[in-house]
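As recorded in TrEMBL, the features of this protein are as follows:
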| type | residues | note |
| --- | --- | --- |
| DOMAIN | 3-335 | domain 'RecF/RecN/SMC N-terminal' |
| BINDING | G30, A31, N32, G33, A34, G35, K36, T37 | ATP binding site |
Amino acid sequence: MRLQRLHLQGLRCIGDLTLDLDPGFNVLVGANGAGKTSVLEAAFLLSHGRSFRAGARDVLIQRGAAGLSIFSTVVHDDGTVHRLGLGREGARWEARLDGEHVAIGDLIRECAVVCFEPGSHALIAGGAEERRRFLDWGVFHVEHEFLPTWRRYQRALKQRNSLLRSGSTLDDRLLSPWESELARAGEFIDQWRRSYLDALLPFLRKQAALLLPELGAVQLRYRPGWPEDEQLATVLVAQRSRDQSRGHTTSGVHRADWSLSFEHAPQREHLSRGQEKLVALICVLAQAWLDAERRGEWPVVCLDDLASELDQAHQAAVVQSLQGASAQILISGTEPPGVLGSVSVKMFHVEQGYLAPLL
Ligand SMILES: Nc1ncnc2c1ncn2[C@@H]1O[C@H](COP(=O)(O)OP(=O)(O)OP(=O)(O)O)[C@@H](O)[C@H]1O
């Protein structure tokens, strides 16, 4: 799939900006703070309903503006075209698909964007939440029941936590229905995550062989969030007192995590910072390849500040591998990446939230 025309209003330093994107390589160049990342952020927002940058959602809205809006036409490989819109006014997000108000989940199902950016190394070095989000985005795009099941899980978790915190004695009649719901929804989510990671592994291995061959064979470890050999329902009952003293549910899919290890770097601490970034890139690219295989079309691939994140040899390896894919690519940088060489690209010069004419 590809984004054809991207129109942004009131996003960070961008007042009003329209980009007619190329179906292949698009390169956004400009000085620091010009707004290049904000364009990639807009594409990511359409496909995730959240930014890849940390911080309050309010800072996305241009200072002094009442709200922000992002519109794009998306063209799928089978020829279908949709108009996507995402807006935020005050604290509320509003999504539109072909002019109709829709739930954000319906919008992001239409739009697949993966992004490698300076914060991506948190996928390797950061907390488990970042890795669960990565995993769940992949599952969400292939498993239609994921979102309602996830909501059921969250609701049951909230109810169980408030019963635990209510201070009353643990009452089986009150806890049991929520624990059953948690266990039912949790087991589904766990199975979907496992099969997603099983499918991702060959792509992770392929990307690792391309970008980090010196680290040797890749292993993927998944921790579901409770002991592997037990049923979640049983664990929840057994841990009632402990969870009450802690004030929250300590086992379940909300505690899951996964990690990669390498033959020559068995622990994360064995990786240099640059290698951590490359491992994060391996994950992002593997997710794109798997998405392309499962959905039959490539997601848009965004590479923010590529030249400052990777050395020349790794930049060249990424560009070469993406040239073989029929993906739309958005790359940003303060300079056009030298490794693009003879690759045909559409260039945009971003200046303080505007497009400047190319010299
Ligand atoms: N809410 C806001 N209102 C107005 N301007 C904002 C807001 N939030 C961020 N900015 C400004 O918007 C710009 C965001 O730039 P962005 O991160 O997209 O730049 P960039 O071109 O990718 O820069 P770099 O090369 O430094 O990464 C910065 O100049 C920042 O100060």
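From the backbone N, Cα and C atoms, a Cβ is placed for every residue, glycine too.
In sequence order, T334 are the residues near N32 (ATP binding site), counting only same-chain partners six or more apart with C-beta under 8 A. Only G33, K36, T37, in sequence order, out of the binding-site residues A31, G33, K36, T37 have a CB under 6 Å from ligand 1. Note on the domain 'RecF/RecN/SMC N-terminal' (3-335): mean pLDDT across this stretch is 95.
Most Cβ neighbours within 10 Å among the binding-site residues A31, A34: this distinction goes to A34. Other than the site residues G30, A31, N32, G33, A34, G35, K36, T37, same-chain residues with C-beta atoms no more than 8 angstroms from the centre of those residues' C-beta atoms, the ATP site, are S332, T334, V350. DSSP assigns K36 (ATP binding site) to a helix in the three-state reduction.
With a cut-off of 8 Å between CB atoms and residues at least 6 apart in sequence, the same chain places L28, V29, G30, D304, D305, S332, G333, V350 near K36 (ATP binding site), listed in sequence order. Annotation for the binding-site residues G30, G33, G35: lowest Cβ count within 10 Å of the residue's own Cβ, G33.
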